[in-house]
Amino acid sequence: MKRINVDLHLLHFPKFRKFQSRKVSSSLPKLELDQKSPQETVFLLGQVLDTYPDIRTLRTVHSRIILEDLRCNSSLGVKLMRAYASLKDVASARKVFDEIPERNVIIINVMIRSYVNNGFYGEGVKVFGTMCGCNVRPDHYTFPCVLKACSCSGTIVIGRKIHGSATKVGLSSTLFVGNGLVSMYGKCGFLSEARLVLDEMSRRDVVSWNSLVVGYAQNQRFDDALEVCREMESVKISHDAGTMASLLPAVSNTTTENVMYVKDMFFKMGKKSLVSWNVMIGVYMKNAMPVEAVELYSRMEADGFEPDAVSITSVLPACGDTSALSLGKKIHGYIERKKLIPNLLLENALIDMYAKCGCLEKARDVFENMKSRDVVSWTAMISAYGFSGRGCDAVALFSKLQDSGLVPDSIAFVTTLAACSHAGLLEEGRSCFKLMTDHYKITPRLEHLACMVDLLGRAGKVKEAYRFIQDMSMEPNERVWGALLGACRVHSDTDIGLLAADKLFQLAPEQSGYYVLLSNIYAKAGRWEEVTNIRNIMKSKGLKKNPGASNVEVNRIIHTFLVGDRSHPQSDEIYRELDVLVKKMKELGYVPDSESALHDVEEEDKETHLAVHSEKLAIVFALMNTKEEEEDSNNTIRITKNLRICGDCHVAAKLISQITSREIIIRDTNRFHVFRFGVCSCGDYW
């Protein structure tokens, strides 16, 4: 709503003549009221109120109404109430309401709406209750507003009574009132009643159906929400941006089929709005599809839509997840040009994006330039240090967070503990955990406990990590046992590894990765019979190792490679160049690490299998399609991988960085690996 600041002298009455010398606003006619008739005065004052003026002007107009003895004028009263309510001054709106002697349905509706739109739901319902005493019959505008009060406050008992009142006056099946009833019952969790109202409505529009979709989605009835969308199609009701927004809670971590249905719905929409684009990007992000989110955002811009804060906060995490740094930088430039900061949400998203792209200094620049920071800002920067293996910097920043006057929350401690774990800071991690429990009195959650197990396990204290699990006050989850099993693989503890694996097979019987880990532990110990048994179990269960996948951005396009991928148009060139690189690596002493190959592969095939891991293909493709002198920090190659980098690829990346004199950054599920001149930033500790 556009609000106009009206010069006070426009009202031109004696008390305010000193304002007449000011420049008159060109947006409104000059109001000369001294010689006007009462009808003209009412008209001119009403014109000012229609502009929704600022509070100073509004009070001046109100004073003039009192001086002119126009308090009983219902037209001016209604406009005064609306203007006060728009400024969230509901008390003043109520005073105006109380001074109107004869109230009709319009006046009462405005008062109800003033309360409800400002969150005073109970007061709105009370005003509705006075209508019978005033002998005023509610209309089809009254009921939707008071039903909204019931929806927002969850007062289903009152909502049912209002439904009864609407039925008595014959309005319950009309469009506006019916929509309000569907929304009220749906949001209060009474979905069968919501459906019944919809079915009994004499006329239904897209809002009617969207209201039912919202009800199902908000009550975790995801399949029903999608079924209603399909039903809309069958009755020839077109989906709109509201339908998509209503569906968003229903398509979080859902099936690929459901995501494809929403995608199909989106592309079938005749006229797309920015809201619909934002929702579709959100659907992709809520279902771990960042590549698709980035591609859709680029398409949105190409179609002429200008992103808003919602678009940006949705797509920046996708840029981070895919290392789409060039797009992330472009969005940062847009934010600065449009002067969208200071804005904590955007600035925190920028820190996270730069951190995930391996641009630690850029993330730090955003952090340092923030006018104000919240705990999320500090946590994002601590995470940036931790993921880059700079545990000491993460711990130091955590100390500064405490000095800033903010209180670290549960997530800040998880992030700091993870940073200690990745950097091997055992004592610092122990101190952090003690600080959390003893000083801040934060009860450890499973995330904190998993970090402690990981911290102890990485430090080689596998037995202590196992005792820590045994002493836990809550039942360990998959993440806790997974951290222990990973430590057993690194430190060759077969006995405890078997115990951890047994627990994991009970908690996550369909997760192939844990079978592979146990198989690798047995293989490292030379227990080949057990390796065969594990592989046979996997085959009998139909389990396969999750395929490795790596993303790399080249010329602002994200390219995805799978292990052994031959689908890329440049595949033949990639494999030829890879063969050349492997020969050069062998000249420097490279020997393929057969421990990193699948143990059910024949020995002579292991080297071939290792050579086609996804990150190797992505590196070669980037080397072929970029030049060292191009922009972007000497054209660093940035790769994201869906699995932990294997030992062989780690060695290969070091050698390739040495051979090509190129910086290569690989972000796997654990941390960043920055390869420069044959050395990795992790110090071979990951």
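All residue numbers here begin at 1 and follow the chain in the order shown.
Cβ atoms here come from the backbone N, Cα and C positions, even for glycine.
According to Swiss-Prot, the feature region 'Type E motif' maps to 480-555.
Swiss-Prot lists 556-586 with the feature region 'Type E(+) motif'. Averaged over the region 'Type E(+) motif' (556-586), the predicted model has a pLDDT of 95.
As annotated by Swiss-Prot, region 'Type DYW motif' applies to 587-686.
The repeat 'PPR 1' annotation in Swiss-Prot covers 73-103. Nonlocal intrachain contacts for the repeat 'PPR 1' (73-103), taken as residues 6+ away from its ends with a CB within less than 8 angstroms of a stretch CB, comprise 1, 3, 42, 45-46, 49-50, 52-55, 58, 61-62, 65, 110-111, 113-115, 117-118, 120, 123, 134, 136.
Annotation source Swiss-Prot lists repeat 'PPR 2' at 104-138.
Marked as repeat 'PPR 3' by Swiss-Prot: 139-173. Across the repeat 'PPR 3' (139-173), the DSSP tally of helix, strand and coil residues reads 25 helix, 0 strand, 10 coil.
Residues annotated as repeat 'PPR 4' in Swiss-Prot: 174-204.
Tertiary proximity for the repeat 'PPR 5' (205-239) is limited to same-chain residues at least six positions away from its ends with a CB under 8 Å from its CB atoms, namely 175, 178-179, 182-183, 185-187, 189, 191, 194-195, 198, 246-251, 254, 258, 261, 265, 268-270. What Swiss-Prot lists as repeat 'PPR 5' is 205-239.
Broken down with DSSP, the repeat 'PPR 6' (240-272) shows 24 helix, 0 strand, 9 coil. The repeat 'PPR 6' feature in Swiss-Prot is assigned to 240-272.
Cβ atoms under 8 Å from those of the repeat 'PPR 7' (273-307) belong to residues 240-242, 244-245, 247-248, 251-254, 259, 262-263, 266, 314-315, 317-319, 321-322, 324, 327, 331, 334, 551, 556, 558, 560 of the same chain, restricted to positions at least 6 beyond its ends. The repeat 'PPR 7' feature in Swiss-Prot is assigned to 273-307.
What Swiss-Prot records for 308-342 is repeat 'PPR 8'.
The list of residues near the repeat 'PPR 9' (343-373) in space but at least 6 beyond its ends in sequence, with Cβ under 8 angstroms from a Cβ of it, reads 309, 312-313, 316-317, 319-321, 323-325, 328, 332, 335, 380-381, 383-385, 387-388, 390, 404, 406, 633, 636, 638, 640, 665, 667, 672, 674. The repeat 'PPR 9' annotation in Swiss-Prot covers 343-373.
The annotation repeat 'PPR 10' is assigned in Swiss-Prot to 374-408. With DSSP states grouped into helix (H, G, I), strand (E, B) and coil, the repeat 'PPR 10' (374-408) comes out at 26 helix, 0 strand, 9 coil.
The repeat 'PPR 11' annotation in Swiss-Prot covers 409-439.
Residues or ranges marked as repeat 'PPR 12' in Swiss-Prot: 445-475.
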Using DSSP, tally how many residues of the region 'Type E motif' (480-555) sit in helix, strand and coil.
-> 53 helix, 6 strand, 17 coil
Residue numbers, six or more beyond the limits of the repeat 'PPR 12' (445-475), whose CB comes under 8 Å of its CB atoms | 410, 413-414, 417-418, 420-422, 424, 426, 429-430, 433, 436, 481-484, 486-488, 490-491, 493, 496, 499-500, 685
With the cut-off at Cβ under 8 Å and a gap of six or more residues from its ends, the chain residues touching the repeat 'PPR 4' (174-204) are 140-141, 143-145, 147-148, 150-152, 154, 156, 159, 163, 166, 211-212, 214-216, 218-219, 221, 224, 237
Positions on the same chain near the region 'Type E(+) motif' (556-586), where near means CB under 8 A and six or more residues out = 291, 294-295, 298, 322, 324, 326-327, 547-550, 609, 611-618, 620-621, 623-625, 652, 655-656, 659
Distant-in-sequence neighbours of the repeat 'PPR 2' (104-138), which means Cβ under 8 A and at least six residues beyond its ends | 74, 77-78, 81-82, 84-85, 88, 90, 93-94, 97, 145-146, 148-150, 152-153, 155, 158, 162, 165-166, 169, 171
Count the residues of the repeat 'PPR 12' (445-475) that DSSP assigns to helix (H, G, I), to strand (E, B) and to coil, and report the three numbers in that order.
-> 22 helix, 0 strand, 9 coil
